[in-house]
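**Q** Pasting the relevant annotations from Swiss-Prot:
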type	residues	note
BINDING	S54, T55, A56, T57, S78, P79, R80, H81, Y96, I279, A280	NADP(+) binding site
BINDING	E299, G312, R372, D571, A584	FAD binding site
ACT_SITE	R455	active site
Amino acid sequence: MLIIQIPDGMPDEDACTLGVGITTVGQGLYQSLGLPLPGSRARANFPILIYGGSTATGSLAIQYARLSGCSQIITTCSPRHFDWAKSLGADASFDYRDPDCVQKIKDCTQNTLAHVLDCVSTSASAELCAAAIGSNGGTVSYLLPLKHQREDVEAKYTLAYTAFGEYFSIAGTRKFEARPEDLEFAKMFWKLSEGLVAEGKIRVHPPRVGKDGLKGVLDGFQAMREGQNWIPNMYGYEVGDECRSLHVWADRRSLEIPRAPIDQNATSNLDVAIVGGGIAGVTLALGLLKRGIKPIIYERGRSFREIGAGIGFTPNAEWAMKVLDPEIHAAFKRVTVQNGTDWFIWMDGSLEKEAVVHKMYLGERGFEGCARADFLDELVKSLPQGTVRFSKNLVDIVDEDGASEVRLKFSDGSTASAHIVIGCDGIRSKVRQFVIGGDDQPAHHPHYTHKYAFRGLVPMDKAYAALGQEKTDTRHMYLGPDAHALTFPVAGGKLLNVVAFVTDPSSWPDGEKFTLPASKTDAVKAFERFNSTVRAIIDMLPEELSRWAVFDTYDYPAPTFVRGRVCISGDAAHAAAPYHGAGAGFAVEDAAVLAELLSDAYDYLKISDVEKADIPKSVVLRKALETYNSIRLERAHWLVETSRHIGEIYEGQNADIGLDHTKCAAEIDWRCRKIWDYDVDDMMKQTSTLFKKQLGMI
């Protein structure tokens, strides 16, 4: 929930203009353009253009840019609004209809302009904004996904609804997954803005108050459709004492989301059903498509979504991406944040005098992080239309002897069939229950590890001021008594991802919910025995937090990943605690093996002519999955085991090791090396050889 306390004396109709405006300015100026936050020690010290300075959003943006220390604030608006813009803090205003507007802006900024917020965002404004950028290039933040002609000017756009951190759609067809990092930023920025409004440092755009209460809202929408009052786009409608005003915001333009064309070369002769549309399921689908096999993803949610804020991939995982499909790796690199150094640093967080426990070289641009949602966004762009079925909650699987296909049953009463079913449905996998069999077996479900995490995203300028450059732009792990913390940059380096783990001897109170409400006070208490650096990290977390329970499959591992023509992959097969940061990477390894096996199986079936083959199609596919099980089971189970143990080592809970630096370093090194240095090419060779043996080809 996003709430701001309105100062006494501010009229409701003024207050109702703040919600969308504050959110949009926060996203545009600070998340997209990277301005330092008001009140921080850093200052912008560069010029900025606010296109549409007399709009509600533009009026706020001018004031925030001034508070962030911009050396020169330029705006565009009608001449009759020049005085208004000046009163807000604009240094110069230009008429956007003036044919010489661009040149005047360039002259005013001495051709050095590199930051622009377009608060109108039409095709015409986009071209003007891009043209006004100086000769060294820059960035324009739009309110819509617009394009311009200049290649040296980066185009970004924001959508205020993402600040709620929830899935939403526009017109039922344009779907946007949850972005938890936007919610965390919005909470922080709204709290900051609350103080600025209370101190009188932010003035609202004058609203227009309509008549006829809620009924008048429709008149307001109609006026905006007809192009009336486009600049003052805030409306209040008096509806009574209990609800005095309503803020109506409408956009007359539509969003166009590009779709990847259907892959006409992908075959449907081998029907593959993937249950689950997270990173594990989508990477597998792309790997199959690369090999000419068109799968169908059955996702129980209404859209693609990933739980959690940050994610990183170790060197082995990046290698597996390239094997699976080089475009997957390219997509990952497009959204990653480059570390300040190519080292992973483990620190003793319990000693006031800083001490490095261990450092490991990651390789060039190794183990980089990104926002989970950003990576998934990039991946799904490559999925052909028709690859995904949303709102499909699996309830049963039927794999009968003699049947040509496996049947899937969903909670909405629908069914589907496929030759192969692969469960990528996460830690609470329904497919895992089928593979293991029996009624309510312990291995059907993950179990609480007696650790939970506080997660938070900290604005980078705030983190930089508190910790310095090295501790903010490079991956750090802080070890200590019964707790440990991880930090690394995400969101283009604008945010520091903080994950603070705590040991909990109690049982988890709610078996249905993996997150429960908490506060910063809880986190501060959990890390009170740590040094000032770690306490400073914890102190930067938001006041309202969640406790994220760490569940895994260590206590009751799946004895097999395969049953007949059904298998499980990723967290569905081997959910591990996140202390190695390797769970998603192992899912990519799984996907590489599965994609190659199904490709080999399909090639074998094409050559042998299914109708006359000595080995029936169903048997070939079973042997492919048996090969997958043989290749992946031991390594995946080891990951679950080592992840549990390394978490205990990080927190001084191994009696033989404690927090002894030499012993900790030795454990960290060999365990990480076994993950990072894994020979993916050799794994693929072993896979091919074993499958051929299964078929009697060698």
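Even glycines carry a Cβ here, placed using N, Cα and C.
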**Q** Which one is it, among the recorded positions G312, R372, R455, D571, that lies nearest to A280 (NADP(+) binding site) by Cα separation?
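**A** Ranked by Cα distance from A280 (NADP(+) binding site), first place goes to D571.
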**Q** Of the binding-site residues E299, G312, R372, D571, which sits closest to A56 (NADP(+) binding site) by Cα distance?
**A** R372
**Q** Would you kindly give the Cα-Cα distance separating the residue listed as 'active site' and G312 (FAD binding site), rounded to the nearest Å?
**A** 15
**Q** For the binding-site residues A56, A280, A584, which Cβ has the most other Cβ atoms within 10 Å, all shown protein chains included?
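**A** Checking each of A56, A280, A584, the winner is A280.
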**Q** Which of the recorded positions S54, S78, R80, R455 has its Cα nearest to the Cα of D571 (FAD binding site)?
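**A** Result for D571 (FAD binding site): the nearest of the recorded positions is R455.
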**Q** Would you pick out, from the recorded positions R372, R455, the residue whose Cβ has the largest number of other Cβ atoms within 10 Å?
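**A** Neighbour-count leader: R372.
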**Q** Tell me, if you would, which residue among E299, D571 (binding-site residues) has the fewest other CB atoms within 10 Å in the structure shown?
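**A** Candidates: the binding-site residues E299, D571. Fewest Cβ atoms within 10 Å: E299.
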**Q** Taking the Cβ of each of the binding-site residues and counting other Cβ atoms inside 10 Å, which one has the highest number: S54, S78?
**A** S54
**Q** What's the CA-CA gap between S54 (NADP(+) binding site) and E299 (FAD binding site) in angstrom, rounded?
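**A** E299 (FAD binding site) has its Cα 44 Å from the Cα of S54 (NADP(+) binding site).
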**Q** Looking only at C-alpha atoms, tell me how far Y96 (NADP(+) binding site) is from E299 (FAD binding site), rounded to the nearest Å.
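**A** Each residue's Cα considered, Y96 (NADP(+) binding site) and E299 (FAD binding site) end up 47 Å apart.
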**Q** Find the one among the recorded positions S78, R80, R455 whose C-alpha lies closest to that of E299 (FAD binding site).
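**A** That would be R455, the closest of S78, R80, R455 to E299 (FAD binding site).
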**Q** Over all pairs in E299, G312, R372, D571, A584, the listed FAD binding residues, work out the largest Cα-Cα distance in Å.
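**A** Across E299, G312, R372, D571, A584, the widest Cα separation comes out at 23 Å.
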**Q** Rounded to a whole angstrom, what is the C-alpha distance between S78 (NADP(+) binding site) and R372 (FAD binding site)?
**A** 42
